[in-house]
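Some notes on the structure that comes next.
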């Protein structure tokens, strides 16, 4: 293997191993030495699991329900949740089997794919087994940078609404009146305003300091979520006029948004490895994901019932224009701001070691900072070019999240256990799940791209915010 190949291989390894410390939308805390010695308790593991599955995608679920229908939406979200959890269990079983086969204490997602290909019957796949790791790492990079781009749009949308409606904000929390208004400043201006602050934020490499930001993000997210639920459960209109089933075109957008919300697939292996009693992890996984799926269905369904046809790309954009709920947008935006740095570390820790290894030591700091700035600018440019929060969420979910959550785990099980006489039922089940994930990926990506190239007024989907 060439020097370039060795360096890139090593950087992928380092980046994958850092996933536990810095993955998920709301958590990236470093594990302290005391915790490493004793391991995580069941409650600590449960909290980590909940935090890594609750992010910006959750706020887009009411619109996802609108895109699917009041009856089809909750049922489909439950089905996708069950399939995702099943794929998490598949990933755990494959990693455990491969770690025993290769006598490893722990294998991550990328390593599991590589080791599985190294023992498959096909000679070509065995020769190119390293590409299994590269593929998983590439999908992780794409997904995390996609999350960061979504964060840009989320913060800009909420900042625009708070600033441009400040003169109309009052203490009277009446339902929002939606008007087609011309924004005072373009949404891209707000993105560029946020950009320098995020550049400074990603320069922070001290994990203990980042863990403080993570805790702050958790507190603001929890408080915001409580206030959102407190509002949407009040005076829910009669839902009888809402469609039980939407068109198939918007259902494809629902699929991308729904799979986008299940962001904890990459965390299950590191969390199990860090548990004090790893044998208890399946119980924690089932309990935690049951709570997550319940939260998803409740927020999505109640939010859609509350706002109906006026449902926006983020439920925060539907909240009343009063100081209490403007503070909700501010708190959630602060939480997302700090979470950006935590999400950013996943692709940075994969790319930076390889980039730094290509230059002499005197240029190390310059290259490090330059790559960080370039990655932040990349997420900003993506948000500027496609300022449609709902469609970008659906696109990222369809392209990369579906591959990590639904397509790869069943294929991994087939490759790992096929030489050991798998049952026909298991083979058929894995093939069906992978085909379902692939169809959702292809058609969901097509529909999201189709909507993105349409003028906002002609689009089937909603515009991102209240402005048109």
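The first residue you see is number 1, and the count goes up from there.
Positions of Cβ are set from backbone N, Cα and C atoms, glycine also.
According to TrEMBL, the domain 'Amino acid transporter transmembrane' annotation covers 41-448.
Here TrEMBL flags 71-94 (among others) as transmembrane segment.
Residues 8, 12, 15-16, 19, 23, 25, 55-56, 59, 109-110, 113, 187, 191, 194, 198, 263, 266, 314, 333, 336-337, 339-340, 343-344, 346-347, 350-351, 375-376, 378-380, 382-383, 387-389, 392-393, 395-396, 399-401, 403-404, 408, 464 of the same chain, all 6+ positions outside the transmembrane segment (134-154), place their C-beta atoms under 8 angstroms from a C-beta of that stretch. Positions annotated as transmembrane segment by TrEMBL: 134-154 (among others).
Sequence annotations record features per position, and here TrEMBL assigns transmembrane segment to 187-204 (among others).
Among the features that TrEMBL reports, transmembrane segment is placed at 211-232 (among others). Listed by sequence, the residues of this chain that lie at least six past the ends of the transmembrane segment (211-232) yet keep a Cβ under 8 A from its Cβ atoms are 26-30, 51, 54, 173, 204, 299, 302-303, 306, 315-316, 319-320, 324-325, 328, 331-332, 334-336, 338-339, 341-342.
Through the fold, the transmembrane segment (252-271) approaches residues 19-20, 23-25, 40, 45, 48-49, 52-53, 55, 57-58, 60-61, 63-65, 67-68, 73, 76-77, 80-81, 84, 87-88, 91-92, 95, 106-109, 112, 140, 143, 147, 246, 281, 285, 292, 296, 390-391, 393-398, 401-402, 404-406, 409, 440, 443-448, 451, 460-461 of its own chain, all at least 6 residues removed from its boundaries and within a Cβ separation under 8 Å. Positions annotated as transmembrane segment by TrEMBL: 252-271 (among others).
The feature transmembrane segment is assigned by TrEMBL to 283-303 (among others). Packing against the transmembrane segment (283-303) from elsewhere in the chain are residues 42, 45-46, 49-50, 53-54, 58, 61-62, 64-65, 70, 73-74, 77-78, 81-82, 84-85, 88-89, 92, 228-229, 232-233, 236, 261-262, 264, 268, 275, 311, 315, 318: each is 6 or more residues past its ends and has a CB under 8 Å from a CB in it.
As annotated by TrEMBL, transmembrane segment applies to 363-386 (among others).
Listed by sequence, the residues of this chain that lie at least six past the ends of the transmembrane segment (392-419) yet keep a Cβ under 8 A from its Cβ atoms are 56-57, 60, 83-84, 87-88, 90-91, 93-94, 97-98, 109, 112-113, 116-117, 119-121, 125, 136, 139-140, 142-143, 146-147, 149-150, 153, 252-263, 265-266, 313, 382-383, 386, 426-427, 429-431, 433-434, 436-438, 440-441, 444-445, 447-449, 452. Under the heading transmembrane segment, TrEMBL lists 392-419 (among others).
Sequence annotations record features per position, and here TrEMBL assigns transmembrane segment to 431-449 (among others). Outside the transmembrane segment (431-449), and at least 6 residues removed from its termini, the chain residues within Cβ reach (under 8 Å) are 83, 86-87, 249, 252-253, 255-256, 259, 391-392, 394-395, 397-399, 402-403, 405-407, 409-411, 414.
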